[in-house]
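Marked as domain 'G-protein coupled receptors family 1 profile' by TrEMBL: 41-290. According to TrEMBL, the feature transmembrane segment maps to 25-48, 60-79, 91-120, 141-164, 197-221, 242-261, 273-292.
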Amino acid sequence: MKPGNQTITTHFLLLGFDFHGKMQLLFFTLISVMFLEILIGNSLIVVITIIDPVLHTPMYYFLQNLALTEICYSLSIVPKLLVSVVLERKIISFSACALQLSCVILFVTCECFLLGAMAYDRQVAICHPLHYTTMMNKDRCCKMAIGSWVSSVSVALGFTTWLFTLPFCGRNKVDHLFCDVSPVLKLVCADTALFELLIFIAVVIIVMIPFSLIAISYLHIIHAVLQMPSAVGQRRAFSTCASHLVVVTLFYSTTGIIHLRPKTNLSSNMKKMVSLSYTVVTPILNPIIYSLRNQEV
(Lines of atoms letter the chains of each structure in order from A and count residues from 1; the text may use other names and numbers.)
(Lines give C-alpha, C1' and ligand atoms only; values in the text may rest on other atoms or scores of the structure.)
Protein backbone atom coordinates (compact mmCIF):
# COMPACT_ATOMS: atom_id res chain seq x y z
CA MET A 1 0.00 0.00 0.00
CA LYS A 2 1.49 3.39 -1.02
CA PRO A 3 1.39 5.84 1.87
CA GLY A 4 -0.58 9.00 1.21
CA ASN A 5 -2.38 7.66 -1.85
CA GLN A 6 -4.74 5.11 -0.24
CA THR A 7 -7.01 5.32 2.76
CA ILE A 8 -6.39 2.71 5.43
CA THR A 9 -9.51 0.75 6.38
CA THR A 10 -9.87 0.61 10.17
CA HIS A 11 -13.38 -0.85 10.37
CA PHE A 12 -16.12 -2.44 8.29
CA LEU A 13 -19.86 -1.87 8.05
CA LEU A 14 -21.97 -5.06 7.99
CA LEU A 15 -25.05 -4.14 5.95
CA GLY A 16 -27.05 -7.27 6.85
CA PHE A 17 -30.83 -7.16 6.39
CA ASP A 18 -32.60 -3.82 6.19
CA PHE A 19 -35.33 -4.63 8.74
CA HIS A 20 -37.27 -2.01 10.69
CA GLY A 21 -40.04 -1.88 13.29
CA LYS A 22 -41.96 -5.09 13.90
CA MET A 23 -39.95 -7.02 11.32
CA GLN A 24 -36.74 -6.07 13.12
CA LEU A 25 -38.16 -7.21 16.48
CA LEU A 26 -39.45 -10.47 15.00
CA PHE A 27 -36.08 -11.23 13.41
CA PHE A 28 -34.23 -10.47 16.65
CA THR A 29 -36.58 -12.66 18.71
CA LEU A 30 -36.42 -15.56 16.24
CA ILE A 31 -32.61 -15.52 15.99
CA SER A 32 -32.26 -15.16 19.80
CA VAL A 33 -34.47 -18.20 20.45
CA MET A 34 -32.64 -20.25 17.82
CA PHE A 35 -29.27 -19.20 19.25
CA LEU A 36 -30.29 -20.39 22.73
CA GLU A 37 -31.49 -23.69 21.25
CA ILE A 38 -28.13 -24.12 19.48
CA LEU A 39 -26.18 -23.57 22.70
CA ILE A 40 -28.45 -25.76 24.85
CA GLY A 41 -28.90 -28.61 22.34
CA ASN A 42 -25.27 -28.93 21.30
CA SER A 43 -23.99 -28.41 24.86
CA LEU A 44 -26.21 -31.26 26.02
CA ILE A 45 -24.75 -33.48 23.28
CA VAL A 46 -21.20 -32.63 24.44
CA VAL A 47 -22.00 -33.19 28.14
CA ILE A 48 -23.98 -36.41 27.60
CA THR A 49 -21.31 -37.98 25.38
CA ILE A 50 -18.67 -37.18 28.03
CA ILE A 51 -20.45 -38.36 31.19
CA ASP A 52 -22.31 -41.42 29.87
CA PRO A 53 -19.99 -44.46 29.42
CA VAL A 54 -22.50 -46.05 27.01
CA LEU A 55 -21.78 -43.23 24.56
CA HIS A 56 -17.99 -43.60 24.72
CA THR A 57 -17.85 -44.90 21.15
CA PRO A 58 -16.20 -43.47 18.01
CA MET A 59 -19.55 -42.37 16.56
CA TYR A 60 -20.39 -40.23 19.59
CA TYR A 61 -16.82 -39.01 19.94
CA PHE A 62 -17.07 -37.47 16.48
CA LEU A 63 -20.59 -36.23 17.26
CA GLN A 64 -19.17 -34.51 20.36
CA ASN A 65 -16.59 -32.73 18.19
CA LEU A 66 -19.26 -31.82 15.65
CA ALA A 67 -21.47 -30.30 18.38
CA LEU A 68 -18.47 -28.33 19.64
CA THR A 69 -17.84 -26.84 16.18
CA GLU A 70 -21.52 -25.83 15.95
CA ILE A 71 -21.34 -24.05 19.33
CA CYS A 72 -18.13 -22.21 18.46
CA TYR A 73 -19.32 -21.32 14.95
CA SER A 74 -22.57 -19.82 16.25
CA LEU A 75 -20.76 -17.93 19.04
CA SER A 76 -18.45 -16.34 16.48
CA ILE A 77 -21.35 -14.94 14.41
CA VAL A 78 -24.73 -14.72 16.14
CA PRO A 79 -23.94 -12.39 19.12
CA LYS A 80 -22.59 -9.70 16.76
CA LEU A 81 -25.55 -10.27 14.43
CA LEU A 82 -28.02 -9.73 17.30
CA VAL A 83 -26.24 -6.54 18.40
CA SER A 84 -26.39 -5.25 14.82
CA VAL A 85 -30.12 -5.94 14.64
CA VAL A 86 -31.29 -4.60 18.01
CA LEU A 87 -28.91 -1.63 18.40
CA GLU A 88 -28.29 -1.05 14.69
CA ARG A 89 -24.59 -1.00 15.56
CA LYS A 90 -23.32 -2.49 12.32
CA ILE A 91 -19.69 -1.42 12.61
CA ILE A 92 -17.08 -4.13 13.22
CA SER A 93 -13.39 -3.35 13.70
CA PHE A 94 -10.76 -4.49 11.21
CA SER A 95 -9.27 -7.00 13.66
CA ALA A 96 -12.69 -8.28 14.80
CA CYS A 97 -13.70 -8.85 11.18
CA ALA A 98 -10.47 -10.77 10.55
CA LEU A 99 -11.08 -12.88 13.66
CA GLN A 100 -14.68 -13.59 12.66
CA LEU A 101 -13.70 -14.61 9.13
CA SER A 102 -10.95 -16.84 10.51
CA CYS A 103 -13.51 -18.57 12.76
CA VAL A 104 -15.91 -19.04 9.85
CA ILE A 105 -13.23 -20.74 7.73
CA LEU A 106 -11.97 -22.80 10.69
CA PHE A 107 -15.30 -24.23 11.84
CA VAL A 108 -16.81 -24.82 8.38
CA THR A 109 -13.61 -26.62 7.31
CA CYS A 110 -13.53 -28.67 10.50
CA GLU A 111 -17.17 -29.69 10.06
CA CYS A 112 -16.44 -30.92 6.53
CA PHE A 113 -13.62 -33.13 7.80
CA LEU A 114 -15.63 -34.42 10.78
CA LEU A 115 -18.58 -35.39 8.59
CA GLY A 116 -16.15 -37.36 6.42
CA ALA A 117 -14.71 -39.09 9.49
CA MET A 118 -18.21 -39.96 10.70
CA ALA A 119 -19.05 -41.52 7.34
CA TYR A 120 -15.91 -43.66 7.49
CA ASP A 121 -16.86 -44.72 11.03
CA ARG A 122 -20.30 -45.87 9.85
CA GLN A 123 -18.75 -47.76 6.93
CA VAL A 124 -16.37 -49.68 9.21
CA ALA A 125 -19.19 -50.39 11.71
CA ILE A 126 -21.47 -51.90 9.04
CA CYS A 127 -19.02 -53.40 6.55
CA HIS A 128 -16.42 -54.69 9.04
CA PRO A 129 -18.29 -55.21 12.34
CA LEU A 130 -15.87 -57.87 13.63
CA HIS A 131 -12.87 -55.56 13.17
CA TYR A 132 -14.64 -52.35 14.24
CA THR A 133 -13.02 -52.02 17.68
CA THR A 134 -9.52 -52.48 16.29
CA MET A 135 -9.97 -50.37 13.14
CA MET A 136 -11.66 -47.50 15.04
CA ASN A 137 -9.67 -47.62 18.25
CA LYS A 138 -9.33 -44.63 20.57
CA ASP A 139 -5.91 -43.64 19.23
CA ARG A 140 -7.07 -43.54 15.61
CA CYS A 141 -10.22 -41.58 16.48
CA CYS A 142 -8.18 -39.02 18.40
CA LYS A 143 -5.77 -38.63 15.47
CA MET A 144 -8.67 -38.15 13.03
CA ALA A 145 -10.29 -35.50 15.24
CA ILE A 146 -7.02 -33.68 15.98
CA GLY A 147 -6.13 -33.81 12.29
CA SER A 148 -9.46 -32.18 11.43
CA TRP A 149 -8.89 -29.34 13.90
CA VAL A 150 -5.21 -28.73 13.13
CA SER A 151 -5.67 -28.70 9.35
CA SER A 152 -8.66 -26.35 9.74
CA VAL A 153 -6.64 -23.94 11.87
CA SER A 154 -3.86 -23.92 9.25
CA VAL A 155 -6.28 -23.14 6.41
CA ALA A 156 -8.08 -20.44 8.43
CA LEU A 157 -4.91 -18.65 9.54
CA GLY A 158 -3.31 -18.85 6.10
CA PHE A 159 -6.16 -17.37 4.06
CA THR A 160 -7.26 -14.85 6.70
CA THR A 161 -3.74 -13.45 7.09
CA TRP A 162 -3.31 -13.22 3.31
CA LEU A 163 -6.70 -11.56 2.73
CA PHE A 164 -6.32 -8.93 5.45
CA THR A 165 -2.83 -7.89 4.30
CA LEU A 166 -4.31 -6.87 0.93
CA PRO A 167 -5.24 -3.16 0.46
CA PHE A 168 -8.89 -2.09 0.89
CA CYS A 169 -8.42 1.61 -0.03
CA GLY A 170 -11.01 2.78 2.49
CA ARG A 171 -13.79 0.51 1.19
CA ASN A 172 -15.64 -0.88 4.17
CA LYS A 173 -19.26 -1.80 3.32
CA VAL A 174 -19.63 -5.59 3.64
CA ASP A 175 -22.90 -6.61 1.99
CA HIS A 176 -23.42 -9.62 4.24
CA LEU A 177 -24.51 -10.69 7.74
CA PHE A 178 -20.94 -11.34 8.87
CA CYS A 179 -17.37 -11.21 7.58
CA ASP A 180 -17.08 -13.99 5.02
CA VAL A 181 -14.50 -14.49 2.29
CA SER A 182 -16.51 -13.52 -0.79
CA PRO A 183 -18.09 -10.25 0.46
CA VAL A 184 -14.83 -9.07 2.09
CA LEU A 185 -12.81 -9.98 -1.01
CA LYS A 186 -15.02 -7.66 -3.11
CA LEU A 187 -13.68 -4.69 -1.13
CA VAL A 188 -10.03 -5.35 -2.00
CA CYS A 189 -8.58 -2.78 -4.39
CA ALA A 190 -5.82 -4.96 -5.82
CA ASP A 191 -5.48 -7.91 -8.17
CA THR A 192 -7.08 -10.88 -6.39
CA ALA A 193 -6.89 -13.43 -9.22
CA LEU A 194 -4.31 -15.62 -7.48
CA PHE A 195 -6.15 -15.45 -4.15
CA GLU A 196 -9.46 -16.37 -5.81
CA LEU A 197 -7.84 -19.28 -7.65
CA LEU A 198 -6.20 -20.69 -4.52
CA ILE A 199 -9.26 -20.19 -2.31
CA PHE A 200 -11.37 -21.96 -4.94
CA ILE A 201 -8.90 -24.87 -5.08
CA ALA A 202 -8.90 -25.01 -1.26
CA VAL A 203 -12.70 -25.01 -1.10
CA VAL A 204 -12.93 -27.79 -3.70
CA ILE A 205 -10.40 -29.88 -1.75
CA ILE A 206 -11.98 -29.16 1.65
CA VAL A 207 -15.53 -29.80 0.46
CA MET A 208 -15.11 -32.43 -2.24
CA ILE A 209 -12.58 -34.77 -0.59
CA PRO A 210 -14.78 -35.37 2.49
CA PHE A 211 -17.87 -35.46 0.25
CA SER A 212 -16.23 -38.08 -1.99
CA LEU A 213 -15.25 -40.08 1.10
CA ILE A 214 -18.87 -39.86 2.31
CA ALA A 215 -20.22 -40.97 -1.08
CA ILE A 216 -17.79 -43.91 -1.32
CA SER A 217 -18.54 -44.91 2.28
CA TYR A 218 -22.26 -44.98 1.62
CA LEU A 219 -21.84 -46.99 -1.57
CA HIS A 220 -19.99 -49.61 0.49
CA ILE A 221 -22.67 -49.39 3.20
CA ILE A 222 -25.53 -49.84 0.74
CA HIS A 223 -23.77 -52.81 -0.87
CA ALA A 224 -23.13 -54.42 2.53
CA VAL A 225 -26.69 -53.82 3.76
CA LEU A 226 -28.25 -55.31 0.63
CA GLN A 227 -26.24 -58.49 1.28
CA MET A 228 -27.92 -58.92 4.67
CA PRO A 229 -30.52 -61.71 4.63
CA SER A 230 -32.73 -60.14 7.31
CA ALA A 231 -35.01 -57.18 6.53
CA VAL A 232 -34.84 -56.21 10.21
CA GLY A 233 -31.04 -56.13 10.01
CA GLN A 234 -31.19 -53.98 6.89
CA ARG A 235 -33.53 -51.46 8.57
CA ARG A 236 -31.34 -51.34 11.67
CA ALA A 237 -28.20 -50.75 9.62
CA PHE A 238 -29.81 -47.97 7.57
CA SER A 239 -31.22 -46.43 10.75
CA THR A 240 -27.73 -45.97 12.23
CA CYS A 241 -26.73 -43.98 9.12
CA ALA A 242 -29.92 -41.95 8.67
CA SER A 243 -28.96 -39.19 11.13
CA HIS A 244 -25.55 -38.64 9.57
CA LEU A 245 -26.99 -38.66 6.06
CA VAL A 246 -29.59 -36.00 6.91
CA VAL A 247 -26.94 -33.77 8.53
CA VAL A 248 -24.63 -34.17 5.52
CA THR A 249 -27.45 -33.24 3.12
CA LEU A 250 -28.35 -30.13 5.12
CA PHE A 251 -24.74 -29.00 5.42
CA TYR A 252 -23.63 -29.53 1.83
CA SER A 253 -26.84 -28.23 0.23
CA THR A 254 -26.31 -24.84 1.90
CA THR A 255 -22.52 -24.40 2.06
CA GLY A 256 -22.12 -25.66 -1.51
CA ILE A 257 -24.34 -22.88 -2.89
CA ILE A 258 -22.30 -20.15 -1.20
CA HIS A 259 -18.72 -21.46 -1.27
CA LEU A 260 -18.56 -23.64 -4.39
CA ARG A 261 -20.49 -21.09 -6.47
CA PRO A 262 -19.44 -17.70 -5.03
CA LYS A 263 -20.40 -15.87 -8.26
CA THR A 264 -23.82 -17.43 -8.58
CA ASN A 265 -26.74 -15.31 -9.82
CA LEU A 266 -28.48 -15.45 -6.45
CA SER A 267 -29.48 -12.03 -5.12
CA SER A 268 -27.64 -10.52 -2.17
CA ASN A 269 -30.59 -11.13 0.19
CA MET A 270 -30.94 -14.74 -0.98
CA LYS A 271 -27.24 -15.38 -0.27
CA LYS A 272 -27.75 -13.90 3.18
CA MET A 273 -30.71 -16.22 3.78
CA VAL A 274 -28.70 -19.28 2.70
CA SER A 275 -25.82 -18.21 4.95
CA LEU A 276 -28.28 -17.71 7.81
CA SER A 277 -29.64 -21.22 7.28
CA TYR A 278 -26.28 -22.92 7.89
CA THR A 279 -25.43 -20.43 10.64
CA VAL A 280 -28.49 -21.03 12.84
CA VAL A 281 -30.79 -23.64 11.26
CA THR A 282 -28.33 -26.50 10.68
CA PRO A 283 -26.72 -26.22 14.17
CA ILE A 284 -30.21 -26.46 15.72
CA LEU A 285 -31.24 -29.47 13.67
CA ASN A 286 -28.08 -31.53 14.29
CA PRO A 287 -28.75 -32.37 17.98
CA ILE A 288 -32.46 -32.84 17.27
CA ILE A 289 -31.77 -35.24 14.41
CA TYR A 290 -29.26 -37.29 16.40
CA SER A 291 -31.39 -37.42 19.54
CA LEU A 292 -34.48 -38.49 17.59
CA ARG A 293 -32.70 -41.15 15.54
CA ASN A 294 -30.55 -42.66 18.28
CA GLN A 295 -32.09 -44.47 21.26
CA GLU A 296 -28.83 -44.15 23.24
CA VAL A 297 -28.94 -40.34 23.12
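Just so you know, glycine gets a Cβ as well, placed from its N, Cα and C.
If you look at the transmembrane segment (273-292), the same-chain residues 6 or more away from its ends with a CB under 8 A from one of its CBs are 31, 34-35, 37-38, 41-42, 44-45, 63, 66-67, 70-71, 73-74, 77-78, 176-178, 180, 243, 246-247, 250-251, 254-255, 257-258, 266. Here the domain 'G-protein coupled receptors family 1 profile' (41-290) has a mean pLDDT of 85 out of 100.
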